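Peer 1: Here it is, the structure, as structure tokens.
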Amino acid sequence: MAQYDVVIIGGGPGGYNAATRAGQLGLKAAIVEGRGKLGGTCLNVGCMPSKALLHASEYFDAAANGEFAKLGIEVKPKLNLDQMMAQKAESVEALTKGVEFIMKKNKVEYVKGWGRIDGPGKVVVKAEDGSERTLETKHIVIATGSEPTPLPGVTVDNAGRIVDSTGALSLPTVPKSLIVVGAGVIGLELGSVWRRLGAEVTVVEYLDRILPGTDTEVANAFQKILGKQGFKFKLGAKVTGATDNGKQAQLTLEPVAGGDAETLQADYVLVAIGRRPFTQGLGLETVGITPDKRGVIANDHYKTGVDGIWVIGDVTSGPMLAHKAEDEAVACIELIAGKAGHVNYDIIPGVIYTKPEVATVGKTEDELKASGVAYKVGKFPFLANSRAKINHETDGFVKVLADAKTDRILGAHAVGPNVGDMIAEICVAMEFGGSSEDVARTCHPHPTRSEAIRQAAMGVEGWTMQA
Ligand code: FAD
Ligand code: NAI
């Protein structure tokens, strides 16, 4: 007889939210995690430590670059990097302990060790001391997450000069120079942290644009803003190799379009060219599951091709985002419990937590053009938003895209102050099948930056009030 209703392999946002929901629904659940702490990539080496450094470095930069002085606050900041790292570590520790507490509260058993599927309904867990324990269960949820994609010809050594995101979250000193390979979310967030603290940052990107997949108008505007902040970009550049001489890293690259190779030197190189699903040692072969490039693929609603084996989060297809993993976790467990779990993949927001922030949801203008859908655009610059103006944060704009016939909101894209928080309003409107007129006619508090969203929605209707 099975000891458990469900065993979840992986303790990240996918895994711990699945475990919590299982406990809430009265299922007997266990969560297996090998890294020694719950919280996964997100809490330990992802979302949370990166946001801790983004928050702290933003204040440092504001003090150092004259923003505070402009407000009449004259200070000469002195960086204490050890303290900045310590407060980050403390917050991470508190969060991971918090997840342990949530497991206890919901009567979920936390099994420490690396889990391996050993045939249907069986998970073998190897503890740190080498001992093994078999868990028998009705359902297995795979939530093993992702790992950095390696760059051919480049060896990442987080103790040396060539690092991935995990290394870049804990550099021992502020580099004079940092090369970031990959103009994606990690590169621009962590590049921002170190630029603010004093590094000269050069971003090398294979494509001829930053943030592929993001609305092009937003990405181009964002690149200009980052350029003003001091970021240097080498777009359309192919990295052919990298070496670490102990003191510096050397990167060789050549134009993708052909041309002369060049060599760049920097104190550190951060490789951030994407992440890939993690299934190493998981024993998928024992149940006949073969992952592809997107990971373990669900045939239908988080169900793999094998009865009783489910998959959620970064290790399966879709955007590699914590909130996507969390939503899949809840839906998956609800389905296991015989309820109607569901995730709306058309409304998964994406945010880049730089200054200013970038926030997107729904279809981009590029996608609408490509699919031939007739749409209307409303746009509003933060330069014309009174709160942004009074706060001297006028870079950026909001763009709302709506169906030309029905006015239903199809997407919204923004670069500007606090847009990461503000995009949730559009998510709710879209979830309710709302139109741009619905948002335009909704009273918004004044003076807030959220008025820029309302004004952009009014713009779709052609009656923006301020400009
Ligand atoms: P993970 O969080 O990767 O968790 C999987 C867990 O499974 C890991 O702890 C791993 O140790 C464990 N595991 C793997 N195999 C086994 C096994 N066989 N046995 C036991 N345990 C196993 N997303 C956002 O939405 N917002 C952000 O701001 C954000 N910032 C990020 C910043 C960085 C630097 C990085 C790297 C990522 C960031 N992400 C962010 C992405 C986010 O971290 C992931 O989308 C999210 O963690 C995915 O959750 P998950 O549960 O699927 O996997
Ligand atoms: P990414 O997919 O966002 O960006 C990778 C970039 O590297 C792309 O611009 C790509 O064109 C480029 N690239 C690929 N191969 C290259 C090569 N050989 N040379 C140069 N450039 C190359 O991946 P990133 O930044 O590593 O992030 C990984 C994942 O983590 C993302 O899927 C993201 O969703 C998630 N994440 C989310 C955050 C957030 O929500 N704020 C923050 C950080 C990460």
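Every residue, even glycine, has its Cβ placed from backbone N, Cα and C.
According to TrEMBL:
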ACT_SITE  His446  active site, proton acceptor
BINDING   Lys51, Gly115, Thr144, Gly145, Ser146, Asp314, Met320, Leu321, Ala322, His323  FAD binding site
BINDING   Gly182, Ala183, Gly184, Val185, Ile186, Gly187, Leu188, Glu189, Glu205, Gly274  NAD(+) binding site
DISULFID  Cys42-Cys47  disulfide bond
DOMAIN    4-329  domain 'FAD/NAD(P)-binding'
DOMAIN    348-457  domain 'Pyridine nucleotide-disulphide oxidoreductase dimerisation'
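Could you place the listed features in the three-dimensional structure?
Peer 2: Listed in sequence order, Ser386 are the same-chain residues six or more apart from His446 (active site, proton acceptor) with CB atoms under 8 A from its CB.
In the three-state DSSP scheme, Ala322 (FAD binding site) is classed as helix. Counting only residues at least six positions away in the same chain, the Cβ atoms of Gly12, Pro13, Cys42, Gly46, Cys47 sit under 8 Å from the Cβ of Ala322 (FAD binding site).
When secondary structure is read from DSSP and collapsed to three states, Gly184 (NAD(+) binding site) falls in the coil class.
Around the Cβ of Cys47 (disulfide bond), the number of neighbouring Cβ atoms within 10 Å comes to 20.
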Peer 1: Glu205 (NAD(+) binding site) to Thr144 (FAD binding site): how many Å between their Cα atoms?
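Peer 2: One finds 28 Å between the Cα atoms of these residues.
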Peer 1: Can you tell me the three-state DSSP label for Glu205 (NAD(+) binding site)?
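Peer 2: SS state of Glu205 (NAD(+) binding site) = coil.
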Peer 1: What Cα-Cα separation, expressed in whole Å, is found between Thr144 (FAD binding site) and Gly182 (NAD(+) binding site)?
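Peer 2: Spelling it out, the Cα of Thr144 (FAD binding site) and the Cα of Gly182 (NAD(+) binding site) are 24 Å apart.
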Peer 1: From the binding-site residues Lys51, Ser146, Met320, pick the residue whose C-alpha lies nearest to the C-alpha of Gly184 (NAD(+) binding site).
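Peer 2: Ranked by Cα distance from Gly184 (NAD(+) binding site), first place goes to Met320.
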Peer 1: Could you state the whole-number distance in Å separating the C-alpha atoms of Met320 (FAD binding site) and Leu188 (NAD(+) binding site)?
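Peer 2: With distance taken Cα to Cα, Leu188 (NAD(+) binding site) is 16 Å from Met320 (FAD binding site).
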Peer 1: State the count of C-beta atoms found within 10 angstroms of the C-beta of Cys42 (disulfide bond), not counting that atom itself.
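Peer 2: There are 24 such Cβ atoms around Cys42 (disulfide bond).
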Peer 1: Under DSSP, is Ser146 (FAD binding site) part of a helix or a strand, or is it coil?
Peer 2: strand
